[in-house]
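K.L.:
TrEMBL lists these features:
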ACT_SITE  Glu25  active site, proton donor
ACT_SITE  Lys161  active site, nucleophile
BINDING   Lys88, Val108, Ser142, Ala143, Asp144  substrate binding site
BINDING   Asp140  Mn(2+) binding site
Amino acid sequence: MKDLLAFSPEVEAALATGKPVVALESTIITHGMPYPQNLDVARKVEATVRDGGAVPATIAVIKGQIHIGLDDATLEALAATPGDQVMKLSRADLAACCAMGRTGATTVAATMICAALAGIRVFATGGIGGVHRGAELSFDISADLQELALTPVTVVAAGAKAILDLPKTLEVLETLGVPVIAFGQDQLPAFWSRDSGLAAPLRMDDPAQIAAAARMRAELGLSGGQLVVNPIPEACEIPRATMIPVVEQALAEAEDQGIAAKSVTPFLLQRIFELTDGRSLDANIALVLNNARLAARIAAA
Ligand code: PSU
């Protein structure tokens, strides 16, 4: 394990002295946002975690080794590499990527696994994967959901991405026993929009309570993590009514072009970026930074 995990000196010191640490994923950098904005955002997310009094640990597999905390040169190289040249890693392919000595970006599922191995219990991202529309035929359900049921990490997201079937995503999370906690509101947020039109199963207004709930799960011997859904700041949201036709169009194009499996989410995010003249990316950036702020508070608590 020692050879497999490469800690940055800063993260190693923070973990050794019990300082709050927030894990960050790398698929959002390689497959979720275009270059060079992705690099700028990755740096800003790290800075936001630091401003919140925690140490950021961006996670990726570099030439077969799991890096917990990336130095700036590695972050820059990863951000500049085209997405099709970096593996998109989930639970199924993490070990294979390490065995082949390849480089891969970690999704929510793989980042949770690596964070738990490293002893990090809080993780900030944009939006988790979930049940895709038409899943009753395609069976396309993100491995992120199952991971939340297995691995004890609190994941802060702005909801599941609105390209998904949100009612089915909530049903699967409930079946898997994953707490879905909306921060500061009663409704489930929908990534670019604050309201999905669905009620959130749980609500908490205090980061310390979210941290306490994670501890309580461990004490009760319950496996798995928690999903904290944090609404995008009001000034940055794109209202649901604006997003619905855009998402519908992107979904129709994905179907026409036969986009499947791991390519679906990156394709849809890119098309929605084009269809909103870049507004979706501005919103995505704002919500990630907002999640990093909350994650730092939970980690500190
Ligand atoms: N959050 C973002 N953009 C992203 C993702 C999260 O703001 O691109 C990534 C995460 O890595 C998540 C993945 O695990 O999207 C979901 O992919 P899929 O639907 O193929 O499971």
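Including glycine, each Cβ sits where the backbone N, Cα and C put it.
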K.L.:
According to DSSP, which kind of secondary structure is Lys88 (substrate binding site) found in, if we only use helix, strand and coil?
P.N.:
strand
K.L.:
Long-range same-chain neighbours of Asp140 (Mn(2+) binding site), Cβ under 8 Å, sequence gap at least 6?
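P.N.:
Listed in sequence order: Val131, His132, Gly134, Ala260, Ala261, Val264.
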K.L.:
Judged by the number of other CB atoms within 10 angstroms, which among Val108, Ala143 is the least packed of the binding-site residues?
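P.N.:
Fewest other Cβ atoms within 10 Å, among the binding-site residues Val108, Ala143, is found for Ala143.
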K.L.:
Given that the record lists Lys88, Val108, Ser142, Ala143, Asp144 as binding substrate, what is the largest C-alpha to C-alpha distance among them, in Å?
P.N.:
13
K.L.:
Which recorded positions among Glu25, Lys88, Asp140, Lys161 have CB under 6 Å of ligand 1?
P.N.:
Glu25
K.L.:
For each of the recorded positions (Lys88, Lys161), count the other CB atoms lying within 10 A of its CB, then report the residue with the highest count.
P.N.:
Lys161
K.L.:
List nothing but the one residue from Glu25, Asp144 whose Cβ has the fewest other Cβ atoms within 10 Å; the candidates are the recorded positions.
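P.N.:
So among Glu25, Asp144, the recorded positions given, the one with the fewest Cβ atoms within 10 Å is Asp144.
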K.L.:
What's the CA-CA gap between Lys161 (active site, nucleophile) and Asp144 (substrate binding site) in angstrom, rounded?
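P.N.:
Between the alpha carbons of Lys161 (active site, nucleophile) and Asp144 (substrate binding site) there are 12 Å.
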K.L.:
Name them in sequence order: residues not among Lys88, Val108, Ser142, Ala143, Asp144 whose Cβ is within 8 Å of the mean position of the Cβ atoms defining the substrate site.
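P.N.:
So the extra residues in range turn out to be Thr27, Ser90, Thr107, Ala109, Ala110, Ile128, Gly129, Glu147.
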